[in-house]
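The annotation transmembrane segment is assigned in TrEMBL to 12-30, 50-69, 98-117, 123-140, 147-167, 187-204, 225-251, 257-276, 288-308.
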Amino acid sequence: MKTIGAFFRLIRWPNLIFIILTQVLFRYFILPFVYLEAHAGYEAIKLSEGLFYLLVIASVCIAAAGYIINDYFDENIDQVNKLPKVIVGKFIKRRSAILLHAVFSAIGLMLSLYIGYKLRNPFIPFFNFIAIMLLVFYSSTFKKKILIGNIIISLLTAWTILVLTLAEYRFRISPHDVVWQRLLKVSFIYAGFAFIISLIREVVKDMEDIEGDLRYGCKTMPIVWGLPVSKVFAGVWIVVLVGMLVAIQLYIIQLGWWLSALYTFALVTIPSLWVLKKLYKANTPADFHRLSSVIKLIMLAGIISMLFF
């Protein structure tokens, strides 16, 4: 039983639920909204339910493989930063971890190839393969470099949304296609939110993990630039996020979507400002861990906002 529990902790099952929830809400709320608004009809959605479920499984497998390989390379650092949560080398052998990574990556890639074939869209398997490779290089190298690793994870977070948009792409699409224009607009709003909130959280997590990262020669932002500059960096992105949210809220109020605007203001904008305030007072790993948890809840609230379309 301990091994089973360790396995689910290894693949970060709550984060995988995040991915599933994001893609399910996008498929069943955003896509119908876009198509119906453009008077295209629900049946015009290119990504069938069967292929959609396979795409979700592919996304989950690729993400799980990424978490496994990350823990594989992070074993020594986690001995300092997260000793009670160490899994690889304690509950699951290193060789088994590599095997699990290979299996999940292979499943994710094979499903992506099948989906790409059925949709006649080579971009899906191509970019999912890129995602697999980025997760490997992130875990082995890039996460120890200043900012590069943070950007990679943030891009991959946004990709969980953009992959669904890409699945709707038609090669003979007109540049004036109303459906495609609307879909791109909504997709980039949510993908932009995912990128920014993930980037903020990654920097905050680096501040939390500074002790172990410093001991093992990592060159993360808090180590190279220091905590004060890292706080300013994260703070600037919070301001950008809040500015973007306010602009969107003002726009949707004009459309009469008061409930959506109120929800976003209360559960995304206000908590983001709270994080900004608390960020500059944070100094201990516990402080940064608390902020990281709140940012994750803000991310969840942003995902759930898809229900209001």
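Every residue gets a Cβ built from N, Cα and C, even glycine.
Sequence-remote contacts of a segment are chain residues at least 6 beyond its ends whose Cβ falls under 8 Å from one of its Cβ atoms, and for the transmembrane segment (288-308) they are 18, 21-22, 25-26, 29-30, 190, 193-194, 197-198, 200-201, 204-205, 207-208, 257, 259-260, 263-264, 267-268, 271-272, 274-275, 278-279, 282.
Listed as Cβ neighbours of the transmembrane segment (12-30) (distance under 8 Å, sequence separation of 6 or more from its ends, same chain) are residues 47, 52, 55-56, 59-60, 63-64, 67, 160-161, 164, 186-187, 190, 194, 299-300, 303-304, 306-307, 309.
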